[in-house]
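*Asks:* Okay, these came from TrEMBL:
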DOMAIN    149-299  domain 'Fido'
ACT_SITE  H234  active site
BINDING   D238, G239, N240, G241, R242, T243, A244, R245, Y276, Y277  ATP binding site
Amino acid sequence: MDNYNSPLYMNRTDLLYRLKTDKDINVVWAELMEYRKNIGIEIPLIDQKSKNIFFVLTDKLKENIAKIDDLARQNIFEELDEETKMNVMLGAQADEAFYSSVIEGAHTTKKRTKDMIEKKEQPKNKDEQMVLNNYNALIYVLEKISNPISERIILDIYHIITNSTLEIDEVVEKYRTGENEVRNLEEVIYIPPKAENVEGMMNLLIHFIRTESDERIHPILKAIIIHYYFVYIHPFYDGNGRTARALTYMYLIQNGYSFFKYFSISSLIKEARQGYYKSIKNSEDYESDMTYFAIFYTEMILKSIVKVRNDFKREYLKQVIKLDLEKRGVALNKRQEKIIEKTISFGKESIDIEFYRKINKVTQETARKDLNILVEMRVYLKEKVGKKYQYRLRTNLDKPQ
């Protein structure tokens, strides 16, 4: 049976295509589900059949959580000054506000997101309002971070997230009072619990959040369970996914994972949206086994960590170059400032004259002269590669680990 459980946590369809046995698929699947239930860990949250949700602590899940914990213990931001740390955090919050809205179908741009946040420009339509609401919800979460998560906080997050974006019949003071369904463009993909059961299930969730869990339920896993069960209940007519993501963000920071302030998990969920919804549907379809969602979510966290570490290295490099130039009293012109910015932003180890020419829209001769001046200033190192010269920034990128 272990062969069916590792390394992939397969659903029934996957198993059908990968099965190398003469046994009937229905028999094998029944055996596998029974095995998973026997080794699974029950969660004190019930599904629509009044059965406990459960998960299996697979080797893959344990490995992902261990990697996240290891990275959490590394203070990758200790080399940065407060201003740079703030810039990274604000960038992550803007990304989270933008991508959490895009996941739900909003159409806007990152530039408009930045303008609304930094320049305090007003939203021009419902989609932009959605993005601004998401940002305001993150700010609210950070303001309330020392408060235990409660029904009041959950409702406040929801009302902030849906401010001026709901239809009249979707507006509620508390939870939905009617039935709901989750659709894609063509069909109903999920029918949430009946309205009469919503408050009771939300009470279970809030109790679960505020109560110390089984030691086998790691805080990362608990945050993922909170996200999953909130979406499973679907307590509102709209804004459920966005509220779930904000709630998960709050729980993680409250439980010692403050580095999530510098992350945008939604940016990766957006790229893997199909996998996100598939993992939720698998967990809903296969007897409330939320292992599918837990594996997917931990992998998204790990990918997000890689992205933020790269962002951090770029910010660190900008800071080092800026301080070095100030210390030596070196002044750059606008073109030189721009090429340094683009070299770092594009993650280039080295550039050539053609790259400089395209970025600054200058002649080849001007590009060559500017780059040679940067070499004299000890900003770039000039190296001959084949028949062409390459220009590499003279800063060690490997310092922040």
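Every residue, even glycine, has its Cβ placed from backbone N, Cα and C.
The model shown is predicted, which means the values in this text are computed figures rather than measured ones.
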*Asks:* Roughly how many Å separate the Cα of Y276 (ATP binding site) from that of the residue listed as 'active site', to the nearest whole number?
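*Replies:* Cα-Cα, rounded: 16 Å.
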*Asks:* Given a separation of at least six residues and a C-beta threshold under 8 Å, show me what packs close to D238 (ATP binding site) in the same chain.
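*Replies:* Correct list: T162, T165, L166, E170.
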*Asks:* Would you count the other C-beta atoms found within 10 angstroms of the C-beta of N240 (ATP binding site) for me?
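*Replies:* Result for N240 (ATP binding site): 22 other Cβ atoms within 10 Å.
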*Asks:* Looking only at the domain 'Fido' (149-299), what is the mean pLDDT?
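*Replies:* 92, rounded to a whole number.
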*Asks:* Report the nearest neighbour of H234 (active site) in space among the binding-site residues N240, R242, A244, comparing Cα positions.
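*Replies:* Comparing Cα positions, the candidate nearest H234 (active site) turns out to be N240.
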*Asks:* Suppose we draw a 10 Å sphere around the Cβ of A244 (ATP binding site). How many other Cβ atoms does it contain, all chains included?
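*Replies:* A count of 23.
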*Asks:* Measure between the Cα atoms of every pair in D238, G239, N240, G241, R242, T243, A244, R245, Y276, Y277, the residues the record assigns to ATP, and report the largest value in Å, rounded to a whole number.
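*Replies:* Pairwise Cα check on D238, G239, N240, G241, R242, T243, A244, R245, Y276, Y277 gives a maximum of 18 Å.
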*Asks:* Mind giving me a neighbour count for the residue listed as 'active site'? Other Cβ atoms within 10 Å of its Cβ, every protein chain shown.
*Replies:* 22
*Asks:* Run through the Cβ atoms and count how many others sit within 10 Å of the one on Y276 (ATP binding site).
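*Replies:* Around the Cβ of Y276 (ATP binding site), 20 other Cβ atoms lie within 10 Å.
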